[in-house]
Amino acid sequence: LPLLLEATLLELASGSHHPFYNGFYYNHIMNDKGNGQEKVVYFNGAKLVVETPKDPVYSSNGANVTLPCHYHYEPDLEAKRKIRIKWSKLRDDYTKEQDVLVAIGKTYVAFGDFRGRAHLHQASRREASLVVSDVRLQDDGKYRCEVIDGLEDESDVVDLRLQGIVFPYQPPHGQYRLNFHEAERVCQEQGAVLATFNQLFQAWSEGLDWCNAGWLADGTVQYPIRLPRKPCGGLHLAPGIRSYGLRHRHLHRFDAFCFSSALRGEVFYLDHPAGMTLEEAKQSCQDAGAEIARVGHLYSAWKFLGLDRCDAGWLADGSVRYPIVKPRANCGPVEPGIRSFGFPSKGRFGVFCYKER
């Protein structure tokens with residue numbers, strides 16, 4: 001029977017159906033007075049408490065990050081106990097979980113994309129921190145640290161945020177041509193992922209103003225407005241994130257808001273006296289031991305590496321753009337940003353290349 005109970009609890013610890021907070025089933029026993037009040041009974045005589053940071057933990061693409069988690073008992077228990085630890089990645093609405101890691105004692109198993117990248121950090125007593133190496137763009141989000149001690153089960157959430165940049169993306173064939181799945185794909189093709197609402201909100205707070213609606217990672221369609229105007233929701237609405245709400249992921253079509261983080265390499269510019277066609281530009285990057293840069297590479301280099309170049313260059317999607325950190329005469333508008341010439345079918349330009357470190 002003990003072995004059967006242990007196997008059942010381990011299955012619960014690793015099952016995706018496990019609810020966000022199930023302490024009610026084990027810890028809370030309704031009284032018999034019928035007044036709706038609860039009587040709390042702790043099976044081992046002590047309350048299990050799990051704690052994570054209230055402030056977000058920040059990291060960047062390719063880095064290593066530790067998500068702190070500690071637990072204790074009230075009152076304290078000195079006896080060594082066989083603890084089970086589970087880490088999960090949550091959706092914003094907590095309706096679905098992605099298993100990250102399950103551990104019993106010093107034995108642990110990581111799952112999915114976290115296999116080979118996630119392990120526990122237990123340098124101090126009653127620590128259950130998660131270490132994620134080689135952080136990826138899709139790792140951004142909320143994580144739940146769950147501690148199971150026999151029939152006691154408590155958890156807390158830590159927020160991992162990647163430092164990055166949000167950019168609107170419209171494909172070569174025009175505005176509002178992407179369903180949700182196509183939007184996911186084009187962001188990946190540009191070295192990015194679909195942005196979350198939190199990432200878009202952060203970009204808006206830093207000055208992003210864009211009147212075209214775009215997909216976000218949760219399947220909603222929204223756009224950020226700093227300067228209210230008639231075509232963008234009206235003159236009399238306050239600045240903010242305008243929302244179309246959830247849209248049909250197959251039938252409805254919009255642009256995309258993509259998110260890219262710090263680069264693992266460098267972006268550099270190549271030119272030719274007579275300019276280059278797109279195919280010649282791709283070959284020039286290959287000859288330099290690099291690849292033609294993607295849109296996400298250029299935005300990241302502009303924001304994080306201060307790339308400033310008043311020369312138009314090809315990118316991998318067939319667009320021609322250039323990054324300006326210090327606005328000046330003959331280099332576009334008075335604000336810093338990525339200038340775009342669109343997707344010219346003809347013309348000869350330089351090229352922006354990307355090379356991994």
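Placed from the backbone N, Cα and C atoms, the Cβ positions cover glycine too.
Remember, TrEMBL labels are computer predictions, not curated facts.
These figures come from a predicted structure and were not determined experimentally.
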### Message
Taking TrEMBL as the reference, Cys211 is linked by a disulphide to which residue in Cys187, Cys232?
### Response
Cys232
### Message
Applying a 10 Å Cβ distance cut-off over all chains shown, what neighbour count does Cys211 (disulfide bond) have?
### Response
14
## Note on the structure
The correct DSSP tally for the domain 'Link' (266-355) reads 20 helix, 26 strand, 44 coil
### Query
Looking at the disulfide-bonded residues Cys232, Cys310, Cys331, which sits with the largest number of other Cβ atoms within 10 Å of its Cβ?
Cys232
### Task
Provide, as an integer number of angstrom, the distance between the C-alpha atoms of Cys310 (disulfide bond) and Cys211 (disulfide bond).
26
